[in-house]
Amino acid sequence: MYNEIPTNRPATPLLDSIDSPAELRALSEKQLPQLADELRAFLLYTVGQTGGHFGAGLGVVELTIALHYVYDTPEDRLVWDVGHQTYPHKILTSRRERMHSIRQGGGLSGFPKREESPYDTFGVGHSSTSISAAQGMAIGAKMAGTERKVAAIIGDGAMTAGMAFEALNHAAHTETDMLVVLNDNNMSISPNVGGLSTYLSKIWASKFYNSLREGSKQVLGKIPPAWEFARRTEEHFKGFMSPGTLFEEMGFNYVGPINGHDLGDLVRCLRNLREIKGPKLLHVITQKGKGFEPAELDPVGYHALNKIEPKKAAIGAVDAPKKVKFQDVFGQWLCDMAARDDKLIGITPAMCEGSGMVGFAQQFPERFYDVAIAEQHAVTLAAGMACEGQKPVVAIYSTFLQRAYDQLIHDVALQNLDVTFAIDRAGLVGEDGPTHSGSFDISYLRCIPQMLLATPSDENECRQLLYTAYQYPGPAAVRYPRGTGAGAVIEQAMTALPIGKGVVRREGKQVALLCFGTLLPTAAQVAEKLGASLCDMRFVKPLDSELIARMAASHSLLVTLEENALAGGAGSAVSEYLNSQGIAIPLLQLGFADEFIDHNSQKQQLAQQGLDAKGIETAITQHLAMMAAATKAVAG
């Protein structure tokens with residue numbers, strides 16, 4: 001048991017001898033506990049050096065070893081859900097010496113990635129996709145005539161999503177030969193653990209029991225009343241002893257729960273289950289943060305870890321004041337607004353901490369709904385509340401709102417219901433990479449009729465635009481980025497800002513910068529250097545068409561800036577407006593290129609997209625030069 005993160009690389013002689021699962025499978029079972037200890041120590045050390053997802057990986061060390069020990073990976077397919085727990089998997093699959101690069105530019109991804117390794121069979125970052133993908137692989141293997149085995153590893157939190165149950169239902173219906181490993185770390189499903197349960201699990205996973213079970217089906221199946229009696233007897237016996245009745249009813253052969261940290265039991269169960277045909281589910285109980293006491297005591301707080309920086313001391317040094325994160329700006333606004341309006345209800349799909357809702361949940365528990373990983377349900381739940389005169393606020397990451405797009409259109413916007421969406425992690429998210437990037441929300445929201453979409457430029461404007469959106473009698477969204485802003489002073493008073501109206505922050509000549517969002521401080525540097533005008537647009541929908549027309553009439557070039565894909569983004573909205581009015585003026589649109597942006601620091605990602613001060617200035621000066629050359633060519 002560790003109480004501190006090791007700062008020196010631990011001795012891991014057995015782990016160092018393993019470069020692939022093939023070498024792991026050459027070990028004796030007696031060596032596996034030592035390997036688990038070394039793997040856990042190495043994981044603690046590397047995440048301390050780099051930062052990254054932490055608790056989930058510590059909890060599946062033994063499970064990961066057992067899976068690669070029993071299954072012939074990569075020929076057999078292991079499909080991981082979400083991916084937070086795959087650091088041990090990466091270490092065992094030829095990437096141990098690259099773990100220092102995880103979540104860094106040009107380094108390993110923090111999630112499974114097909115381009116990175118043949119052992120990463122399915123790219124992931126969002127939850128509840130593993131069972132569907134694994135079923136597809138199993139069907140594909142069968143169609144190809146191979147004997148390949150497929151296993152999906154899914155957590156109890158991810159199992160709450162509807163997609164997981166859709167896949168379970170279909171896999172059972174098609175009798176797909178696959179294994180689902182339910183990694184239960186007590187975040188959702190209550191475990192049924194004990195000596196009798198472990199004993200029954202071993203029996204239910206044994207070849208004898210399953211051959212007897214299948215043989216009985218064949219024999220008694222010819223005598224319908226007898227088979228029905230036997231089936232009901234087994235159902236009642238197992239339902240009394242275990243939580244697996246639901247999965248058995250769906251058509252899965254359920255085994256468990258078993259201790260997910262007992263390598264002997266894991267290996268024995270997996271070996272037996274690998275030989276059993278049809279859909280199977282193994283329920284394992286694990287502890288998130290296993291082996292690191294602070295993480296065991298606080299699994300939520302240690303879900304992810306920042307890089308451990310060396311301590312520095314300076315005489316007379318004064319710590320710089322900490323900037324407020326946008327998620328905390330939202331959290332404080334939510335509490336303040338709830339104190340004013342008892343109709344406010346806060347909803348989040350399993351993102352209470354990340355969305356800044358802990359304070360609200362504590363102060364207003366009767367008005368707080370964490371619906372688990374169920375984005376579709378969250379949005380339609382809010383729609384139903386709005387039908388009854390309540391004022392729901394849905395706090396959700398940009399990337400996860402994509403999963404509820406039909407509900408957004410059909411259940412909220414089509415009925416013009418009064419639902420406020422606080423869209424966190426809009427724009428680039430840094431080390432979490434493309435699976436979590438909020439690159440598309442402007443594009444997919446602004447095309448929805450009756451939707452209001454606001455893009456605050458700083459912390460105070462975020463607070464005021466949240467209040468503005470809340471007052472709007474229809475669907476309204478406020479998007480804001482991960483992390484902190486410029487450090488603006490936040491006014492406690494809440495003021496509804498004029499809808500669809502921007503603000504001129506600097507009057508200049510020739511070039512007008514139209515900024516949508518928190519690139520404003522960077523744009524201000526460029527505007528100052530180029531003598532350009534600068535507008536804080538505030539709203540993508542409705543656009544401040546009057547301000548755009550005024551800038552077009554008094555400048556030679558308009559430049560739009562946004563942290564969103566250029567395709568269909570705010571720049572496209574400006575272009576559409578200019579075209580509709582017959583306003584002929586050069587327009588330079590700056591935003592994200594038509595690509596998925598790989599993991600790196602947010603600063604580096606912005607620079608790579610040309611959205612730092614240097615990149616913006618260069619793009620503008622080059623465009624002006626191109627315009628001058630074109631004018632000269634026409635004149636000549």
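The backbone N, Cα and C atoms fix where each Cβ goes, glycine too.
For His84, Gly125, His126, Ser127, Gly157, Ala158, Asn185, Phe292, Glu375, the entry in Swiss-Prot reads thiamine diphosphate binding site, with the evidence type sequence analysis. Glu375 (thiamine diphosphate binding site) is surrounded by 28 other CB atoms, counting those within 10 A of its CB over all protein chains shown.
The DSSP secondary structure for Asp156 (Mg(2+) binding site) is coil. As annotated by Swiss-Prot, Mg(2+) binding site applies to Asp156, Asn185, with the evidence given as sequence analysis.
Each of the binding-site residues His84, His126 was ranked by the number of other C-beta atoms within 10 Å, and first place falls to His84. Pairwise Cα distances among His84, Gly125, His126, Ser127, Gly157, Ala158, Asn185, Phe292, Glu375, which the record gives as the binders of thiamine diphosphate, peak at 32 Å.
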